[in-house]
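What follows is a single structure, written as structure tokens, with notes after it.
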Ligand code: HEM
Ligand SMILES: *[C@@H]1O[C@H](CO)[C@@H](O)[C@H](O)[C@H]1NC(C)=O
Ligand SMILES: *[C@@H]1O[C@H](CO)[C@@H](O)[C@H](O)[C@H]1NC(C)=O
């Protein structure tokens with residue numbers, strides 16, 4: 001009897017081993033909608049293409065949205081939910097308030113998909129696809145997006161405030177926040193390359209221009225002639241929301257100029273510049289990507305897949321929302 005039991009147990013262990021393995025390495029698959037909504041990937045791409053044709057910056061905004069979603073409870077579309085009587089929206093957090101954008105484009109994609117195949121494609125997957133499409137449309141690398149995420153029925157304002165790195169966090173704090181999500185220094189440097197496109201508000205880097213360490217001195221790791229160009233539209237006070245390009249050389253093109261800027265002390269955010277001033281490992285990676293666009297593109301694609309795999313809701317967890325800004329009834 002005991003012997004039969006152990007044989008059964010052994011057999012079931014073998015039978016379930018591949019399942020356990022696939023769950024551990026991520027249960028998402030690029031083919032997830034191949035049968036249930038074969039046009040899903042194409043529909044997302046066409047709406048994103050229209051939005052980016054209207055406004056190039058939208059590519060950057062959609063790429064960032066996926067990041068700000070994934071770092072809070074995983075890639076579960078929690079960032080898209082509006083506040084209700086019982087839920088406080090992540091849209092109010094420090095990193096998102098007056099800053100996160102692209103919500104209408106996600107909603108437009110969702111409504112196109114609801115017409116094609118109702119309640120099939122998650123809002124979390126829409127953001128992952130839109131991030132890839134945005135990268136490609138601005139000249140960056142492509143990758144197959146693993147799919148099958150489901151949408152959260154809750155959000156976390158504190159998670160959004162605490163888990164998403166701030167531009168004035170130290171290098172160590174930023175790296176720790178990445179490590180808490182299972183990402184490493186290679187992912188940190190490659191994904192920071194997203195700042196090759198898009199904008200920042202004055203308020204996100206003002207400290208560097210006037211009072212970096214609380215002693216009334218600027219950040220001398222910032223090229224002072226570049227700083228002088230930034231100051232007129234980013235004064236000591238006022239102009240908080242004024243916009244500046246993150247990569248002043250090729251602001252609309254996804255390329256490795258961001259890394260070249262860092263080596264010239266012309267990274268806009270403190271969190272950009274610390275990649276060359278605070279860690280030897282990180283500096284070496286910046287040099288590598290500045291010299292080798294292909295290496296940057298290859299790693300960026302890999303790291304985006306890794307970021308997109310952060311604790312997705314799968315199986316019977318969560319739901320497929322009908323409208324991305326609201327939970328289903
Ligand atoms: C490493 C830590 C990071 C920090 C501290 C950081 C911080 C910031 C800040 C402060 C802005 C400007 C926001 C504003 O002023 O409104 C910004 C913009 C942006 N970030 Fe990051 N970021 C980081 C990593 C990432 C990652 C991993 C991605 C994507 C994978 C990303 C994508 C972007 C994009 C595309 C923009 C421009 C958005 C737009 O123009 O709408 N960032 N980031
Ligand atoms: C970082 O910026 C925030 C918001 O402007 C500010 O409250 C905080 O004091 C800054 N932290 C450091 C270490 O400078
Ligand atoms: C710089 O910041 C420190 C601490 O945040 C503050 O006490 C000081 O007054 C500021 N100095 C200037 C010149 O703004």
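Just so it is clear, glycine is given a Cβ too, placed from its N, Cα and C backbone atoms.
Just so it is clear, the model here is predicted, and its values are computed rather than measured.
Take the Ca(2+) 2 site that TrEMBL assigns to 247, 250, 255: the candidate from 196, 203, 277 listed for it is 196. Not one of the binding-site residues 69, 76, 247 places a Cβ under 6 Å from an atom of ligand 3. Checked against residue 72 (Ca(2+) 1 binding site) by C-alpha proximity, the recorded positions 64, 196, 247, 250, 255 yield 64 as the nearest. Only 64, in sequence order, out of the recorded positions 64, 68, 76, 90, 250 have a CB under 6 Å from ligand 1.
DSSP assigns residue 74 (Ca(2+) 1 binding site) to coil in the three-state reduction, outside any helix or strand.
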